[in-house]
Every structure is written in structure tokens, then in C-alpha cells.
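Taken from TrEMBL as is:
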type	residues	note
COMPBIAS	34-59	compositional bias 'Polar residues'
REGION	1-61	region 'Disordered'
TRANSMEM	128-147	transmembrane segment
TRANSMEM	159-177	transmembrane segment
TRANSMEM	189-211	transmembrane segment
TRANSMEM	239-258	transmembrane segment
TRANSMEM	270-290	transmembrane segment
TRANSMEM	310-332	transmembrane segment
Amino acid sequence: QAHVGVALLNAIPPGKNDGEKSGKAKKPPAKSVGENSPVKNRGGVSTESSGSKISNRNHLSAAEVQRQKLKKLVDELNEEGDGRSAPVVKLGDASMASPFTAKHASVAPTTDIIRQGRSTLVTTLQMFKILGLNCLATAYVLSVMHLDGVKLGDVQATISGVFTAAFFLFISHASPLPTLSPERPHPNIFCRYVFLSLIGQFGVHIAFLMWSARAAEEYMGEECVEPDYEFRPSVVNTVSYMAGMMLQVATFAVNYMGHPFNQSIRQNRPFAIALAAAAAFFAAVASDAIRSLNDWLGLVPLPEELRNRLLIYAAAMLAVCYGWEGVLRRLFPGRMPAWRKKQRKIVTEKKKVR
């Protein structure tokens, strides 16, 4: 069917080119006036000119017949309803490959596709890492609160969910860098870099959460609330909520992958604004500067010693996680393609032979 469509598109129109080609190809040789000169009819037209017109008409009629046959064949193919044969693609028709087609003489579209693909892959990897760390930390916090008979407030859960949704939304808006980096991203999630990053960060997170829970239980005393009871503000609830907010902000900030594939946090302005807003909100809540805000959230005032230690340990947790992530990115870069390894091996072998 494709060959039939190409033949139709490349078919010679019968009115112009055929007449020119036939006229150029068949030039009557010059003859001397005499016995061999053409005999004129009554109308003044020679028999030779009338014969050439007849031959041109025969030639044009043959081209028209061939064109009609091709049109008839294409119509029959398009009318088939069995679904096994695809219709002939015409000029201007849409195609599934249209987003990946470009009519340029350079390789710029190829580099654009590679940059966009790397950006998508890096964004997907970091989202999976952030989801895993957030789920593990949230599971531990909720388990501790359930064992102590403490619930999470509705307003607290709503605020936390809003920040999480905003972070994920603005991470996906990161644009790739204009230049193609020689480095390569990790091809899949199941690699040493991802596993070591998750294990290391979760180890730091769980240590911070365990200390926070134990410190809160010391100030909580022997007070115990039934698990199915209504929500009541308490020290354990306040510390657990603040620790969860700290971990949430730290996880997004540490695992954001910017250069050399995507924009950095500063260049991704919506994400930077969301992080700044979350940090300001946490600072206001932790310092108890706006008492009405803490009352609306259901948070009780914390002792000054506990609050200072909580802030110091949160800063240390952020620094350790950031350093661990940076070390792993340097130790486990993206893998080199197999064909490039083979090419380098061949080059080194040739040098040794020389």
C-alpha cells in the first residue's frame, strides 16, 4: 500500500510533462523538398503532423489508464473492512510518530529528545526514592503514636498533605538543562546507588525519630490515652508532628536531582518557594511565635530544652543525609553503555599491539 501511495504521488500529470517529453523525444528529421516531402490535405495540414498528434493522444490515454488503475486499487484497499490492512497515509495526515519527527538538516532534535528523556528518568527515580522514605518515616511515626495512644489531628494531616502534594507538583515542573551532559543517569531503580541511598537515609531518619519519641515520652509522663479515643493535643503528638515535618522537608531537599540533567533548586523557582514556605511554617510552629496558629493545629507548647535539642538534631539529620547522598552520587555514577566499553577495549588493544 505504501508503494501504491508513493506511485500516486510521483505520478506524472498527463497534461504537461508527457507532451513535453514526447515533443522532445520525437523530433521529425529535416527532409528535402521532393518526392519524400509530406503531402498536404485539403485543410493545409500535412499527414506527418496529423500522425504525431494521433501518437500523442495514444500516449496520453495510456498514462490516464494507468492512473485510473492505481486509483481504483487504492480505493479498493481503503474500502476493505477486515482491519488487517492499514489505510494509505496521505500528505497532511496525523501520525503517532509526529512528536518525534523533525524536518531539520542538523541533529539538534535528537539531542533535545535525549535531554527530555534524561530529565524524565531522573524525575521518576527521585520520586520513587522520596515516596519510599516518606512511607517508611510515616509508618514509624504512626506506629509510635498508636502505641502511646496518640492520634494525628485532622488539620495536621491536611497541612502535611498539602505540602507533600505541592512538593511533588513542583518537582515535576523541573526543566532539563539546555546543554547535553556527558554524564549518564542511572537506568533503573534496582541499582546499588538507590538501595544504599534509601538504607542510609532511613537509618538516619529512624535514629532521629527514635530519639524524638523517647524525649517526648519523658515529658509525657505516665499519661496514657486509649487508641480509639478522640484527638487530644499532647507532647508526643506535637513532637511527632514536628519531626515528621522536618523529615518531609529534608527528604525533598536532599533527594532533588538537579545538575547536570535538570534545573537546580534555585532555578526551579516554584519548588524553591515551596521549600522556603515549608521552612518558614516549621520555624513559626517550632518557635511558638504565633500561639493562635499552634492552637489551630492542636500543638502544645514544648519545653525550651526539648525544643532546642529537637532543632539541633534536625539540622544534624539534614546535614548527614545531604552528605551521604553526595558521596553516593560520586561513588556510583551512571553506568557506561556496553558498546562504549567494547570500543574503548578495542582501542586499548590496538595501542598495545602498536
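A Cβ is built for glycine as well, from the same backbone N, Cα and C atoms used for every other residue.
Caution: TrEMBL annotation is automatic and unverified by curators.
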Exercise. Between the transmembrane segment (270-290) and the stretches 128-147, 159-177, 189-211, 310-332, work out which stretch tops the count of Cβ pairs under 8 Å.
Key: 159-177
Quiz prompt | Within-chain partners of the transmembrane segment (189-211) [C-beta distance under 8 Å, separation at least 6 from its ends] | solution = 125, 128-129, 132-133, 136-137, 140-141, 144, 243, 246-247, 251, 254-255, 313-314, 317, 320-321, 324-325, 328-329, 332
